[in-house]
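Asker: Have a look at this one before I ask anything.
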């Protein structure tokens, strides 16, 4: 398992498939630009932690899982296993889990990997976070590339077991475009969960 986490009481994690824009989103949230980003999947292979010691708080960008060009399957599985173990180990300290997905591709990817013997990664991770009792926000990224926005978000809600229309789940589904700096729906959703856990003092980060 990853052993790089600073010893902080509270944490927010970003998780998702490779190449969905997690590191770009991390940069947008923190204003810090030292996070690796790249056009080929799998650039981030270990967690990036952004640490606010004075607030006893850390935001963690976990490595992407799923397809990574040129990366053997056993390595991909190992990374996914480490991500799962990290979340399990720190579940009690995680104030919110942000599952980042590619708004343009996510429904097609879910449908392509749905079958009697297969659960799509995004659906599995959403269920996993919920099962652990971690407040979950799905950051539906790259929405600037989506034309049929409401229809696409309704379809995603349905795939995640949420009854459309998607708007009734605005504390769980946040349409954003990290590259364009348009992340206010995510900030509002995260603030909702921070408020529920009496951590309004962390609003300044979102």
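Count begins at 1; order follows the chain as displayed.
Note that Cβ sites are derived from N, Cα and C of the backbone, with glycine treated the same way.
Heads up, here are the entries from Swiss-Prot:
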{"type": "BINDING", "residues": "16-23, 42-46, 61-64, 141-144, 176-178", "note": "GTP binding site"}
{"type": "BINDING", "residues": "23, 44", "note": "Mg(2+) binding site"}
{"type": "DOMAIN", "residues": "8-196", "note": "domain 'EngB-type G'"}
Asker: Which of the three DSSP-derived classes (helix, strand, coil) applies to residue 23 (Mg(2+) binding site)?
Answerer: helix
Asker: How many whole Å apart are the CA atoms of residue 142 (GTP binding site) and residue 23 (Mg(2+) binding site)?
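Answerer: Distance between the two Cα atoms comes out at 13 Å.
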Asker: Under 8 Å Cβ-Cβ from residue 16 (GTP binding site), six or more apart in the same chain: what's there?
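Answerer: Within the chain, residue 16 (GTP binding site) has Cβ neighbours under 8 Å at 22, 64, 65, 99, 100, 101, 122, 125.
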Asker: Ten-angstrom check, please: count other Cβ atoms within 10 Å of the Cβ of residue 19 (GTP binding site), all chains counted.
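Answerer: Other Cβ atoms found within 10 Å: 22.
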Asker: By Cβ count within 10 Å, point out the most packed of the binding-site residues listed: 22, 46, 142.
Answerer: 22
Asker: Measuring Cα to Cα, how many Å separate residue 46 (GTP binding site) from residue 23 (Mg(2+) binding site)?
Answerer: 12
Asker: Around the Cβ of residue 23 (Mg(2+) binding site), how many other Cβ atoms lie within 10 Å? Please give the count over every shown protein chain.
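Answerer: Summing over all protein chains shown, residue 23 (Mg(2+) binding site) has 23 other Cβ atoms within 10 Å.
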Asker: List, in sequence order, the same-chain residues at least six positions removed whose CB sits under 8 Å from that of residue 176 (GTP binding site)?
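Answerer: Listed in sequence order, they are 25, 139, 140, 141, 143, 182, 183, 184, 185, 186.
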Asker: So for residue 63 (GTP binding site), how many other CB atoms are inside 10 Å of its CB?
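Answerer: By my count, 22.
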